[in-house]
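Per TrEMBL, the features are as follows:
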{"type": "REGION", "residues": "1-21", "note": "region 'Disordered'"}
{"type": "COMPBIAS", "residues": "1-17", "note": "compositional bias 'Low complexity'"}
{"type": "ACT_SITE", "residues": "LYS49", "note": "active site, proton acceptor"}
{"type": "DOMAIN", "residues": "254-381", "note": "domain 'Alanine racemase C-terminal'"}
{"type": "ACT_SITE", "residues": "TYR275", "note": "active site, proton acceptor"}
Amino acid sequence: MNAPATRPRTSRSTTGGHEPTLEIDLAAVAANTRRFVRQARGEVMAVVKADGFGHGLHAMVRTALASGATWLGTTSITEALAVRATGVDAPVLSWLNPVDADVTTACRHRVDLAVPSENHLAAVVEAAAWSGYRARVHLQLDTGMARDGAAPDEWADLMTTARRAEIAGHITVVGVMGHLARADEPGHPANTTGLRVMLSGVGTAEQAGLRPSTRHLAATAATLTEPETHLDLVRIGAGLVGIDPSESTRLRSALRFTAPVVQVRRVPAETGIGYGHTHVTDRATNLALLPVGYADGLRRDASEGAWVLVAGRRCPVAGVISMDQVVVDLGDDPVQPGTEAVVFGPGDDGEPTVYDWAHWAGTIPHEIVTGIGHRIRRSIR
Ligand SMILES: *Cc1c(COP(=O)(O)O)cnc(C)c1O
C-alpha cells in the first residue's frame with residue numbers, strides 16, 4: 001500500500017483511540033529555511049543536531065536542502081553519519097567529538113570535521129595517513145565562550161601543524177569556525193569582539209599559508225540581527241524550527257502537540273489534586289485527565305502557571321505534572337472524554353506556544369522542542 005501524501009490532523013492508534021501526537025509541519029520549516037537563505041550573505045548550513053531539534057532528522061534534512069540550505073551540521077560523528085545515511089550529497093560538518101572518535105569512518109563518508117586542538121588534529125592526520133582518505137577540516141576557534149574551540153594562544157601552533165598536514169596531503173583546511181556567546185542580545189559588545197577575534201583567527205590561518213574558503217561564525221540570532229557576522233556561511237538550527245533566540249523576528253513554529261482527554265470528573269470545593277495535593281480547588285469544578293507527563297516533555301517545573309487549550313478554552317494545569325499524566329481544570333463546562341487538548345502549537349488558535357512552556361519552566365524554547373519524549377507519536381505533514 002502506498003503511504004498517503006498527507007496525514008490527517010488527528011491520528012488513531014492501533015487500539016482504536018486518539019493518542020498523544022506531535023505534528024511536525026514541514027511547510028513551516030521550509031518557509032523558515034527560505035527566509036534564512038534570502039537573508040544570509042553567504043550559504044546556509046542547516047543544523048540538525050539532537051534529531052533535528054526534536055523534529056526528526058530525516059524530515060529536517062530533506063526539507064532544509066529542498067528549501068535552499070547547502071550544508072548540514074551536527075555535533076557528533078554518529079549524528080553526521082546518520083545524516084549521510086539519508087543519502088544526501090551536501091557537505092556535512094561534525095563539530096564535537098572526543099579525540100579518539102572514529103574519524104576514519106567520518107572521512108570515508110566525507111564528513112567534515114571541526115578540529116579544536118592539536119590533539120584532535122593529530123588524531124585526524126593519523127587516521128587520514130593510515131586510511132588514505134584526505135580529511136576535510138574546519139579549524140574551530142574559541143571566539144569568546146571559553147567552551148569549545150582552540151584558545152587564541154594555541155592558534156599559531158595549531159595552524160602551522162595544519163598547514164604541514166595539508167602539504168603532506170592528509171587534510172584540507174576548508175573552514176574556520178567560531179561561535180558567539182551573546183548573539184541573542186543584539187548590539188552587545190561581545191558580538192563585535194567575537195567577530196574581531198574570529199577575523200584575527202582567519203588572519204593567523206592565512207599567515208600560516210592556509211586558505212580556508214568557508215569562514216563561519218553566526219547561528220540563528222546573529223544571522224537575524226548582526227549581518228556583518230554572516231561571512232561565508234551561517235549555521236541555523238533554532239531558526240529552522242521557528243525559534244529566534246533574539247526574539248526580534250517572527251518565525252513559524254513547526255510543532256503542534258495534542259493529547260486526548262482520557263477522563264472527566266466533577267469535584268467539590270476543597271479537593272486536593274495529584275501528588276502532594278499541591279493544588280486544592282476553591283470551588284466545585286470539572287477536571288480533565290490527559291495521558292502526557294514529564295516523561296513526554298511536559299516540564300514538571302511548569303506545573304505552576306501552565307495551561308492547555310481544550311475546546312477553545314484555556315484550562316490551567318491543576319496540581320503537579322506527573323510522569324505520565326496531568327490534570328487540567330475545565331471549570332464549569334465539562335467536555336466529552338476523547339476531546340483533543342492542545343498542549344502547544346504555533347499559537348494560531350489561541351493555544352500556548354513553546355515560548356509559553358519555556359517561560360513557565362524558566363528555560364528557553366530549545367529545551368522544550370528537544371525534550372519531547374520518544375513515546376509520543378510523530379506525525380509529519
Ligand atoms: C547548535 C549550534 C548552532 C545552531 O544554533 P542556533 O542558535 O540553534 O541556530 C550553530 N553552531 C553551533 C556550533 C552549535 O552548536
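Placement of Cβ uses the backbone N, Cα and C atoms for every residue, glycine included.
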Exercise. Give me the non-local Cβ neighbours of LYS49 (active site, proton acceptor): same chain, 6+ apart in sequence, Cβ-Cβ under 8 Å, ordered along the sequence.
Key: GLY73, THR74, THR75, GLU79, GLY237
Quiz item: Cβ distance under 8 Å to TYR275 (active site, proton acceptor), same chain, sequence separation 6 or more: which residues?
Solution: GLY319, VAL320, SER322
